[in-house]
Each structure stands twice: as C-alpha cells, then as structure tokens.
Amino acid sequence: MNNTMTSSQPYTLTQLGWKPFFQQQLTLEDYENTQICRIVAHHRSGYQLCSEQGRFHLAIHHAQPKMTVGDWVLLDEQQQFKRLLERQSELSRKAAGSKIAEQLIATNVDTLFIVCSLNDDFNLSRIERYLSIAKEAHIEPVVVLTKADLSPQAEQNITQVQQLSATLWVEAVNALDPASVSALQPWCTKGRTVAFIGSSGVGKSTLTNTLLGEETQQTGGIREDDSKGRHTTTARSVHMIPDGALIIDTPGMRELQLADCSEGVSETFAEIETLAQHCRFKDCQHQQEPGCAVQQAINNGTLEARRLQNYFKLQREQAYNASTFAEQRNRMKQFGKMCRHVQSDKQKLKTTY
C-alpha cells in the first residue's frame, strides 16, 4: 500500500471512507454510468481523485461547485465532472484577510485532531475556537497536545484543557515517538477519515509522518526564541496509514475566523448558556446586572473570566460574519435575477426583429 496515495493504484470504496450516507445518494444509473471518486489532494491547478479504477486529475472549472479534500464526486465515462455528493460534515472558516468569503478546509471528516503545542503556542482560547468549528460541523474533536518537553507547565496546561469539557478527549503525545502517538490509534481505524488542524509549526505534519511511518509531509523545527514554525504544509492532501485510516493534513492557519458557527459556539460554551437561563433578567448581558448567574459563577470561581470573554468574542465574530455572508448571498441572488432579466429582454428583442 502506498501510504501517500500518489500512485495510480486503485482503492476500494471502503478504503477511501465510503459510507451508507453516500451510497443512499446514488441511483442505479449512477452505478452503471459513473465513477465514484474521492478528492485526495487540492492544488491550484486542480484536484487529484482516487477511485476503484485508479487515480485521476480533475481540472478546476468555474461551472463546478466549490470542492476540497474529502469530497466525493461522480465522473462520467469521459472522466468529466458530473456531480458532487452531499457532505456528511464540512469544516470551513471565513477566508483570511478582509475578503468576504467562506473557505472550505476539509469535508466528510469523522474525527478532528486539534493540535496545540505546550510551549509558547499554548492558548486555551484558540482551542475553544477550534472546538466551536468542530462542533458546528458535527465532527468528534480530540485535542492533541505536543512538545510537553518544552514546557515546565505542561501538566498544568493539560489539566486546563481537560477542564474545558468533561466529555472532551485530550491526548498528550511526543509527535516523534510512534509508541506515544499510538494513543491516537482508536480514532484511526480502517475507513475512518481524520483531519489535523492547528497553528503553523505545532507538529501536525510530524504527527502525520509518525502515523504513516515515513517522511511524507515536509516539516520544520520551531525556533526556540519565538516558537514560530519555519516550514509548514502548503496544500491539503490525504494519506493512508497502515491501520487503514485516511488522514487529511491541512496547512497551518495564522488566522481562523468563524463563519456561521452559532451552534458550535453554543455547544463549546454550554455551561455558560445553561447558567444564563438562571439569570434574573431574560435579556441579561452578563456584565453588572443584578441577579446574573454567570457573574456569580465567576465570583465563586466555578467559571473562568477568560472563558466568558472568549465566549463573548466568538459570539460577536460569528454573528458579524454570518450576517455579512447573508448580505453577500442576497446581493448575488439579486445580481443573478438582474442577469436573467437582461437575457430575457435580449431574447424578446431578437424575437421582435
């Protein structure tokens, strides 16, 4: 088995992560006249697809829907794009910078490994941000903490992450040690799709290489003076580990703004929303209002002030971006209507003359 999935060898649909959810979307005609493929790499020039018939390149075309690594697509007999199958899960973020757009990260993921190093990169608020994205996508999150040997506060930091949620899986590993990384094996069984997400240089590619048992992704060290990664993954790709799971290694993300993520934020900060139900006033802003159950929890030490402030921040961010996306979609809809009217008027003029 070629772990990097770069050869032209065929894979069974089960190996590629095929599930009943996708099978239910196919007709008899689809089975007879199309090839079922999964996108295993996404580059500027196009997509790399794997199927039971082998490996294919699919050029990006403006008429295609937006697609990314993890998507299932159907190709016709000429190996041309025919249809994108409905996604079981979808990881996305607001595109970096001021651009008003939602960027796909990966799709059809079963487990999201949220990777954070226990050196200067350690940041609980960033972990909560990733958890919100995972929960919005209905993907099981697992927090993977690396570089424990670089921090004298490693044990304290691990406990802090575990306290974010009683049901949250947290694993501290040495990314270079196969025995240590084997703690992730329960989520890496045959046919499952997992993805790594985290800042640049936290060890995502190193973890991938250790699971694969080979140097597949280019990696670089972290400078001790500023803890910044020097070499990072630049394109999304899928790899198959010996145990049979598919791993999506995403580029490091210097900026990760939430898109429409209200459900994810609510689930990540569930205890705050539960406390809010006990406030004296229904419109309580959890600031200085009398009878605020949230502020009372902060005062008695059962809720961290940092966590409340991050909840406020993520709520504002996702609400703003969601409304911005909605406005953009409405403008595009109106523009589409105008174009159709113009085409209709032109057709009428041709008919008249």
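Including glycine, each Cβ sits where the backbone N, Cα and C put it.
Now, the feature entries from Swiss-Prot:
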DOMAIN    101-256  domain 'CP-type G'
BINDING   Thr146, Lys147, Ala148, Asp149, Gly198, Ser199, Ser200, Gly201, Val202, Gly203, Lys204, Ser205, Thr206  GTP binding site
BINDING   Cys279, Cys284, His286, Cys292  Zn(2+) binding site
Rounded Cα-Cα span from Cys284 (Zn(2+) binding site) to Thr146 (GTP binding site), Å: 39
Reported mean pLDDT - the domain 'CP-type G' (101-256): 84
DSSP state at Thr206 (GTP binding site), helix/strand/coil: helix
Secondary structure at Ala148 (GTP binding site), reduced by DSSP to three states: helix
From binding-site residues Cys279, Cys284, His286, Cys292, the one whose Cα lies nearest Ser200 (GTP binding site): His286
Winner by Cβ contact number (other Cβ atoms within 10 Å) across the binding-site residues Thr146, Ser200, Cys279, Cys284, His286: Thr146
For Cys292 (Zn(2+) binding site), the one of Gly198, Val202, Lys204, Thr206 that lies nearest, given that the binding-site residues are compared by Cα: Gly198
Integer Å distance between the CA atoms belonging to Cys284 (Zn(2+) binding site) and Gly198 (GTP binding site): 34
Among the GTP-binding set Thr146, Lys147, Ala148, Asp149, Gly198, Ser199, Ser200, Gly201, Val202, Gly203, Lys204, Ser205, Thr206, as the record gives it, the longest Cα-Cα distance in Å: 19
Cβ-based isolation winner (fewest other Cβ atoms within 10 Å) among the binding-site residues Gly198, Val202, Lys204, Thr206: Thr206
